[in-house]
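**Q** What follows is a single structure, and I will ask about it in a moment.
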Amino acid sequence: MPLKPLALSLQWGRFDAAAAQRSALPRHLIRRWIRHALTTDAEITVRIVGADEGRQLNRTYRNKDYATNVLTFVYSQAPLVTADLLLCAPVIEREAQQQGKHLQAHYAHMLVHGTLHAQGWDHEGSADADAMQARETQIMQALGFADPYARQPG
């Protein structure tokens with residue numbers, strides 16, 4: 001299946017490890033990971049933030065007083081997906097370490113996950129969660145990554 005066109009805007013919040021994260025996440029990889037998850041044309045802004053901004057936005061928009069790995073804000077879906085994906089760098093880094101995953105692999109997974117949300121996928125019920133996880137695994141493996149839901153050794 002051909003990759004869909006993507007207008008990508010990439011923003012970096014102010015946080016301690018922003019420079020290191022930026023060098024580990026070149027724009028062309030972010031674009032590639034998102035495009036593999038798209039089934040329609042898209043305009044997506046990716047903003048990578050620190051814990052304070054991530055917590056504030058999660059509290060404001062989801063009434064949850066903690067920073068989470070990815071938030072998806074959808075403005076339109078087919079025929080053109082328009083969305084913002086907010087990734088919280090410290091949460092993603094901590095999760096990657098805890099799960100024994102390479103940092104880029106976990107970022108790719110969170111971008112795929114958020115992009116699927118932008119297209120209407122969710123994981124509210126167990127059937128939806130199973131379907132979404134299967135799709136994420138398929139995309140991640142097509143990108144050359146391991147199944148993100150496989151148990152890590154150790």
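These residue numbers are counts, starting from 1, taken along the chain as shown.
Every residue, even glycine, has its Cβ placed from backbone N, Cα and C.
Okay, so Swiss-Prot annotates it like this:
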- HIS113, HIS117, HIS123: Zn(2+) binding site (BINDING)
**Q** Would you pick out, from the binding-site residues HIS113, HIS117, HIS123, the residue whose Cβ has the largest number of other Cβ atoms within 10 Å?
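**A** It comes out as HIS113.
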**Q** Determine, for the Zn(2+) site, the additional residues of the same chain whose CB lies within 8 Å of the mean position of the CB atoms of HIS113, HIS117, HIS123; present them in sequence order.
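**A** Surrounding the site, in chain order, are VAL70, THR72, GLY114, LEU116, TRP121, ASP122, MET132, GLU136.
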